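*Asks:* Let me give you the structure first, and then I'll get to my questions.
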Amino acid sequence: MGKSKKDSKKDEARSEALRKDIDFIEHTWEDAKLYEHYGIDNLEGGLSSSQVLANRAKYGENRLTPPATTPWYIKYLMQYTNFFALLLIAGGLLCFIAYGVEASAKPNPDQTNLWLGVVLIAVVIITATFSYMQEASSDAIMEGFKNMIPKKCKAIRDGTVHVLDAWELVPGDVVTMGDGDQIPADICIKKATDFKVDNSSLTGESEPVDRTTKMAVDDAGNPITQPLEAENLVFYTTIVNSGAATGVVIGTGDRTVMGQIAGLATETSNEATPINIEIKKFIMLISAVAITLGVAFFIIGFVLGTDPISNVVFAIGIIVANVPEGLLATVTVSLALTAKRMHQKNVLVKNLEAVETLGSTTVIASDKTGTLTQNRMTVQHAWYDDKVVKTPSTKNHPQFKTVMSTLGAEAAGVVNPNDETFKYLLSCAILCNNSEFILKDPFDDQAPTLDLKAELNKPDFNLLQLDCTGDASESGLIKFTQMVEDYAAKRKVCSKIFEIKFNSTNKWQMSIHKNADGGEVPNLYLKGAPERVLGMCKRIMINGEEVEITPEWREKYTEAYEGLGGMGERVLGFAYKRMEGYTNDYDFQSKPSRNFDMEDLTFVGLFSLIDPPREGVPEAVAKCKRARIKVFMVTGDHPITAQAIAKQVGIIDQDKWDAGKATVVKGDDIRDWMEIEDPVERQARWDEALSHEQIVFARVSPAHKLLIVENNQRRGEVVAVTGDGVNDAPALKKGDIGVAMGIAGKDVSKEAADMILMDDNFASIVNGVEEGRLIFDNLKKSIAYTLTSNIPEIAPFLCYITVGLPLPISTVLILCVDLGTDMVPAISLAYEEKESDIMDRPPRNAATDRLVNRRLISFAYLQIGVMQALAGFYTYFMVLNDYGYAPRILMQQGLGWDYSSLMCVLDDAGTPLRCGYGCETVEDPGLSEKWAPCQAGCEAPTIGFGNPFTEFTDAGFRGFNSSLGDNATEATCGRSCAWYEANKANPMVVGTPLMTEADVAMFEATCAGVNASMLGFPYSETDGSVNRGQAFGIRKTADPGAFYWWNGQQQYFPNNAYQSNALRYAQTSYFVSIIVVQWADLLIAKTRKLSIFEQGMRNGFMNFGLCFETVLGILLVYLPFLNSVFSTRPLYVLHWFPGVPWSILIFVYDEIRKMLIRQNPGGWLEEHTYW
């Protein structure tokens, strides 16, 4: 049942709302207003039990609404509604009907139509079942969201802390949260102590974020109200990293940020893949051709007087010959093989059709963290002694020593570990740092502890991949410092006495340690936001000496800080103080107030960190540029950081930036666009931004990412989307192809995606693009190979119905080609190697570069197909000629070939001149007992032994006298005593072959008896018996004086078995000729332009395919039980060879065509024949 207009408008409104930021404003209210709105008396008391019930009745339970689902059996039945399936089902039903009609009319009907119907229906069932198994997994996506929902939480109700199931929460509940807790709803913070939250499942950014009771403000001091930017909100399903907080629930279930993402993920439909669209268009084209030809020639057959059953069988044959029944199976297997090959390149393909989609991609919308970058903060630069130096990021000591020795200890622009100031900076980074290396598997008690010192000396060890405790910045610091000084040894000597942890108010972290020289005076080390750290310092260390901070030094600091920040790096300041006047055993305290002085510090320097690009990403981006694929970065990170990474990996080129062809679009920009009422103006803003060649989208929300995908698709782009977080699920599902991360990816993103990068590396996507383009090329080759056999399959039926040629190939043998001999060779083309320029071409233009285009149809049908058909007819005529049926006598004989024996008039040399059929065979048992000689056709009598009741005299066939009009057939085939009495005085009959003097004498003698009425082939209106008519399917009657013709000579008695067997041999030879010419077709399909001598025969599976189709053909021809099933006959060996010259002709023709194309690029031949 369709939706009402009201429902549709409601759905449209919901869809638009989901694409905007969630409508939270409660976090901007004063406490009193918030408490009053939800019925909270005070924070300590929480909601009362009655208010909980009232709020639940108003807002509902804290659950995600599952999407409407379609029953599995309906989904399965829907697979049978596509046009291809309906066409084959219709063909199968017509086969059953034709068989049923024939079975009701004949005691021993031909079972070809029955088996043909079974095969066609079986093909539909197998294809539909496989398609159903490949259905999109929207239900699984929702299951992924369910797995993320918190199970338990702590809420204050009626003044008491209760442990509740998360679904029981209602807006207004007061919830307490601590380390490791999963946030059970969207909550506005009212109390917080050093509270940090991991929002990576929402934003994709791994760095924990601070959450406080205060609203964040922008640079102008205005409060930031967007929920994802707000600092006083925590979100459903995120994780508490550290600290504790109490807050009020303001969003539950669907009205949460996570609920919005879930709604987008289940609301967005899976887009039809380009290959799916191409195959559908191809099937519609082929089906239209098949139906048009079938109907047209059905009408022609009807006009020519062909009986209805023959016409129906003919129409079925046309459909079966036109439709490549094995195409979908070939495509599916080819895609599966490519998916297997991609798995070896760290790409797991979930949706097989996605392989080709990646090859058609014009835009890659890539996540930054973990995809373009390594997802680990790494020290990039240091600033000390008024110089910015690079800090080499190395994996082990041998590599570090090699890098440093190569650069030289005094190399300009590179850190020198011997600098005095750097030694102090190094101590700050090691000691004012709580991160440690995880040296033992926490989940395996039996696992040995890693000997870090020993491992670092191994050239194959990678310290950068070793996991650490603590946040990403601290981990990055110790991974760098460990190369210079062992952190564990340093901390052991300089043991920690006291520390103040980082918090969002101070924006710094401080620790006090024992002195390394063993003295009693401790040292204080400070790390934090550079401006805060510098503000606590009066001196700065230069070349190991402390000097006063002057305005000039502040200016130099500012220049360095802004320069590093401008490169998108996270900058940390470090300070030091020798705590004169204090001893190691002093009881340092910070609460309720600090009991020591820390204002007079010495600024040591800066370290800057960034999540660096992955190895191979810049090269992969460059490859995309060559392939004319645009790479957009889509991230929740800061615009400056995003732009810096984009420039490092090549997504933004400086020359493009200077020319105004590159831009950074911020989330705030998209919010402004979405507020525009006029859809035309809103679309114009999108088009203006997307017209840039290089784009970075920064500080975007999940809804924005979806809008980016949708607007690119609106502009005709084929969009590949990457992502790893829950926030990416809607865009992953909406994109033409969704690519999730296998290592860092959440289950929800993996469910929504079409393929998964097992190594989370952007470079693997580019490998996928290459494979996708290769599979399109190879599918094109496979279809070209498959379509060429359509003409030799269709042409016999056209000749059968138009010129009456005995059918050169049966519908069952056509299926043997489509689903048998052609299948493995067609699939083998999926193994072809890529062409050298595959990544130098632009992406496939879906509007012009079709899977099946005009040039391919021309090549397959009008060039190679015609040559194959000529080869088939040549072989067919040659075999029938060997069995005594010369080509000149076959026209107009086809429809009656299996029902009556051919009769011919010979010339003086004994060569048949004109041939045709006579009377139908006797099938009535009563008559056949009396006229046994006529059961398979009456015998021609020898001289002096005539029979007046048969159609023969001793001079041959009596013929049909057209001057008798309607009585002509009865005069020849329905001869009886009653007919004699009615015509014995007819001058048009007496004295002609219809009534010779011998006939009159015998009629007079025999018709005088008591059983005269039973003689001959009488017609009786009372008992319903009907006299014989002309032969079934007759188009050309035999001339007077004709005799039976078979085995190459005149015969006196019919031999339908010989005649039928001769045709079966000819049909088998036609089938074999298709195999022979398909050898050449497979070889020429290997390349589209190159010579096969350049490409070579390295495709082992193709070589097997050549052998396979040959061996299968041999089995079908020579195994007796297969002869019975498929009506084949064991050919003489020589009858395999008539098709060989044609096969050579096809090969030579195509090699010359390709050579001329290569010699004249862009010429007429390439324009019209390069498919």
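Please read every residue number as a count from 1 along the shown chain.
Heads up, the Cβ atoms here are built off N, Cα and C, so glycines get one too.
TrEMBL entries are annotated by machine, without manual review.
If you look up TrEMBL, you'll see 25-100 marked as domain 'Cation-transporting P-type ATPase N-terminal'. The annotation transmembrane segment is assigned in TrEMBL to 83-101, 113-133, 282-306, 312-337, 859-879, 1101-1119, 1131-1149.
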*Asks:* Checking distant contacts: for the transmembrane segment (859-879), what same-chain residues at least six beyond its ends satisfy Cβ-Cβ under 8 A?
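*Replies:* Long-range Cβ neighbours of the transmembrane segment (859-879): 783-784, 787-792, 795-796, 799, 808-809, 887, 890, 1062, 1065-1067, 1069-1070, 1072-1074, 1076-1078, 1081, 1084, 1131, 1135, 1138-1139, 1142-1143, 1145-1146, 1149-1150, 1169, 1171.
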*Asks:* For the transmembrane segment (113-133), give me same-chain residues lying six or more residues beyond its boundaries with a C-beta closer than 8 angstroms to one of its C-beta atoms, as numbers and ranges.
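*Replies:* Distant Cβ neighbours of the transmembrane segment (113-133) are 75-76, 79-80, 84-85, 88-89, 91-96, 98-99, 102, 313, 316, 320, 325, 328-329, 332, 811-812, 815, 819, 1125.
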*Asks:* Summarise the domain 'Cation-transporting P-type ATPase N-terminal' (25-100) by DSSP state, stating how many residues are helix, strand and coil.
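*Replies:* Computed counts for the domain 'Cation-transporting P-type ATPase N-terminal' (25-100) are 50 helix, 1 strand, 25 coil.
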*Asks:* Within the domain 'Cation-transporting P-type ATPase N-terminal' (25-100) only, compute the mean pLDDT.
*Replies:* 84
